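What Swiss-Prot annotates here:
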- Gly8, Leu9, Ser10, Gly11, Ser12, Gly13, Lys14, Ser15: ATP binding site (BINDING)
- Asp59, Ile60, Arg61, Gly62: GTP binding site (BINDING)
Amino acid sequence: MRILIITGLSGSGKSTAVRALEDEGFFCQDNLPVMLFPTFVELVDKAKERVRDVALVMDIRGRDFHAGYEKVFQEISEAGHFVEILFFDATDEVLIRRFSETRRRHPAMESGSVPEGIRYEREQLAGLRRLATMIIDTSELNVHQLRELVISHVKGNHGGREMTIHLQSFGYRYGIPLESDLVMDVRFLPNPYFVPELKEFSGLNPNVRDYVLKYEETRIFLNKFKEMLEFLLPGYRREGKSYLTVSIGCTGGRHRSVVITEEMRDFFRTKQLNLNVSHRDMKKGLEK
C-alpha cells in the first residue's frame, strides 16, 4: 500500500489536503496514536475490500506524536509499504492571520498567545520536518490551489516509481519558497523591468521572453543549468527521491524568473518526468 503521513503546522492546510485525498480515494485516518500506525496499516491491508492508498494525519494534537515515529515509519516500510511524509507549512504571519480570521484556538496554546503556540509547535515538529518527503508551503496558496497541488502530487507519484518535478518561479522580495530543494538565483540576468515598453508585462509575454533570451549570458546560463540538472537527476533517482522542487527566483518574480522557468519546462518535458509548473509571484505586480 501507499501510506501518506500528513503532518505540519496547525492552520497550514492539512484538513484541506485530507479532504482532497479522500476525494481521490484515499482511506484517511485522523488523530490516531502514532504507535498504533503499524497495527492500523496491517488491519487495513488485510481487509476484504482492498485498500491501496492510506493517509494518516499526525500532528501536535496527539501528545505521543514524537514518541518513536522514526521506528514506526521504518516498521511500516519494512512491511512492504511505500511511505511518504508530506509536511505542510506557512509563515508565522500567515498562520497568525488565519487563526485570527477563523477565531480558532491554537492547539499548542495553554496560557500563551498564538505566536507562542506557533513557535512551540515549530520546535516540536522540527524532527518530522527534516524527515519530510515533501514540504508544502501554503503561505501564498488559496484552498483551490492547495487542493490542486496535493491531487497533482498523488496522481503523478505512484509508489515512487517516477520522480515528480515541481518547477516554480518566485520573487526574492517575497521570500524563498520553504519547500525548495534547489534554488536558482537569476537576478544577474538583464532585467526587462527597466525597459519601459516591457515593464508592465510578465515573463509569459513573447517580447519579454525574447528580451531575456537574446543575451549571450542567458544562453550560457541555461546551458550550464541544464548540464547541472543532467548530472543531478540520476543521482536523485538512485537515492529514491520521489519529489523535487526547483525554485527559480528574480527580484519580483514577474519577469526573468518566469522566462527561465518556462524555458526549463521544455527541458524537463524531455526527461519523461511528472512535471508541475507554477509562477508564485507573477501576479503580484502589474501584468498584461
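Note: Cβ is positioned from N, Cα and C throughout, glycine not excepted.
Take the mean position of the Cβ atoms of Gly8, Leu9, Ser10, Gly11, Ser12, Gly13, Lys14, Ser15, the recorded ATP site; other residues of that chain with a Cβ within 8 Å of it are Asp59, Phe88, Ala90, Thr138. Note: the CA-CA distance between Gly13 (ATP binding site) and Asp59 (GTP binding site) rounds to 12 Å.
DSSP assigns Lys14 (ATP binding site) to a helix in the three-state reduction. Sequence-distant neighbours of Gly11 (ATP binding site) (same chain, 6+ apart, CB under 8 A from its CB) are Ala90, Leu95, Arg98, Phe99, Thr102, Arg104, His106.
Between the alpha carbons (Cα) of Ser15 (ATP binding site) and Asp59 (GTP binding site) lies a span of roughly 12 Å. Summarising the environment of Ser15 (ATP binding site), the number of other Cβ atoms within 10 Å of its Cβ, over all protein chains shown, is 15. Across the structure, Leu9 (ATP binding site) and Asp59 (GTP binding site) place their CA atoms 8 angstrom apart. Annotation note: Gly8 (ATP binding site) sits in a strand segment as assigned by DSSP.
The two recorded residues, Ser12 (ATP binding site) and Arg61 (GTP binding site), show a Cα separation of 14 Å. In this structure the alpha carbons, written CA, of Asp59 (GTP binding site) and Ser10 (ATP binding site) are 8 Å apart. Taking the C-alpha positions, the distance from Lys14 (ATP binding site) to Arg61 (GTP binding site) comes to 13 Å.
The Cβ of Ile60 has fewer other Cβ atoms within 10 Å than any other of the binding-site residues Leu9, Ile60.
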